[in-house]
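Report on the structure given below.
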Amino acid sequence: MASHSFGALIEIDESAHIRDPPPVLQKEPHGLPDLPTAYELDELRRATHSNGPCIPTTPGTQTPRTPNDLEMSGAPSPRHTDAVDVMQTWTNPPINKWRVLSACMMNFGNGLNDAAPGALIPYMEKDYRIGYAIVSLIFVTNAVGFLSAAPLAAIIQSRLGRARTLVLAQTIMTAAYTMLACKPPFPVVVLAFFLLGLGIATQLAPNNMFCANLANSTTCLGFFHGSYGIGGTVGPLIATGLVTHGHVWITFYFIALPLALVNLTLAFFTFRHFETDNPPLHLLHSTASNSNPTSSRSQLLKAALRNRTTILGALFIFAYQGAEVSISGWVISFLISYRHSSPSHVGYVTSGFWAGITIGRFLLSHPAHRIGEKRATILLVAGATAFQLLVWLVPNVVGEAVAVSFVGLLLGPIYPCATSVFTKLVPRRLQMSSLAAISAVGSRGGAVAPFFTGLLAQQVGTWVLHPICVGLFGMMVTCWLGLPRVGKRTE
């Protein structure tokens, strides 16, 4: 009976015939169709736009699992906006130690070059029988050389590479020093200063960018710009020592010339594999999974020039270099004409100014980084303004010499702090063009302010140096407060 009932139950099950049973009820391990996953569908949609590998989606078939297919079906390459660079240090890779040394040596030469004219101007005026207004043309053409290099810096580096770009810059400076060493007519002196500006600007932006993108960039930039201060300190000492011992002013450039040749050689051997150690970021996203085209150089330059940080940064450095070069170039003339000192005695005041800048960059850059570059810069500018007023209002040569040194001490860390802030605010792809533009436009301050100081000094006296510098300090504070807040880099 039980057997008969069980057989009837079987009959009922067999009568309920199910047509086209769904595949999901099949238990065979290979009987399931290989339907595309959500990831594969996403890959398929992306492949239609990038000519990538096509993933089969026919039900009942399997996606190939060859090694090549597995490799091609991996995760897409990171997009440019998601990529993160591994930040290098000054010791990793090891060649960076020599690169930092090379950059510092080049900036030492820049400081040597920029600080010497302040001590040489009285002797140039006497030798060529010219006045303040005419001799100020060397500042103008020097700035024009800087400005000429701005739109070319990124293009030159992209075509020549970092090493050849730096070699080109030092070659231009070598040619300029050779011209000056021959005691040419004054128009040729003016042309030589144009070439010096062009050469300095060509290597300044790449070196700034290199140091700014190392770990603890403010400290590295402090050493880099501190080297400039050392050159600025030594330059007037050498120049004053030579001319006061009866040597012609051009003798100074017989010292600058071999230094440029040494820098040329060192730059070539330390930076010749720079592109291998620092691959461009855009190479990370030139794959089928992200086919966004790289912006052209002209578009990058336009974007950099429209960037708020670039505009305010350029005006800030314009005012900074205007005050720095004006003090360096005209404070000796002020002390001679208004404090009735002899050139042989006050010729060393400029060295005290640059010594203050050097000490400030080496000793105050790291504390400025600890308390915050934006806050530290405001305090430093306020202190420099106070000491500049002391130079103007206290009629004591010794006291003024000390005050000038303190002005340099407080101005010293400002440039490395500003460069560090600019690199944090400007996108990585715009940094080369942006820093070149900031350096170029900023260098005009190093020409415009000394030039107009010379013109006004011709008419009313060299005391105009001080109100001009105080006004430039006020301009620095205004531009600095207008910068965006520093946020965490997402590149």
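Even glycines carry a Cβ here, placed using N, Cα and C.
All TrEMBL annotations are machine predictions without curation.
Copied from TrEMBL, the annotated features are:
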- 13-36: region 'Disordered' (REGION)
- 48-79: region 'Disordered' (REGION)
- 57-67: compositional bias 'Low complexity' (COMPBIAS)
- 99-491: domain 'Major facilitator superfamily (MFS) profile' (DOMAIN)
- 130-156: transmembrane segment (TRANSMEM)
- 186-206: transmembrane segment (TRANSMEM)
- 218-238: transmembrane segment (TRANSMEM)
- 250-271: transmembrane segment (TRANSMEM)
- 311-333: transmembrane segment (TRANSMEM)
- 345-364: transmembrane segment (TRANSMEM)
- 376-395: transmembrane segment (TRANSMEM)
- 401-423: transmembrane segment (TRANSMEM)
- 435-457: transmembrane segment (TRANSMEM)
- 463-483: transmembrane segment (TRANSMEM)
**Message:** Looking only at the domain 'Major facilitator superfamily (MFS) profile' (99-491), what is the model's average confidence as pLDDT?
**Reply:** 84
**Asked** By a Cβ-Cβ criterion of under 8 Å, what residues six or more beyond either terminus of the transmembrane segment (376-395) are in contact with it?
**Response** 327, 331, 339, 364, 367-369, 403-404, 406-407, 410-411, 413-414, 417-418, 463, 466-467, 469-470, 473-474, 476-477, 480-481
**Asked** What stretch in 130-156, 186-206, 345-364, 401-423, 463-483 has the biggest tally of Cβ pairs under 8 Å against the transmembrane segment (311-333)?
**Response** 463-483
**Message:** Under 8 Å between C-beta atoms and at least six residues away from its ends: which parts of the chain pack against the transmembrane segment (186-206)?
**Reply:** 106-107, 110, 113, 124, 128, 130, 134, 137-139, 141-150, 152-153, 156-157, 162, 165-166, 168-173, 175-177, 179-180, 267, 432, 435-436, 439-440, 443
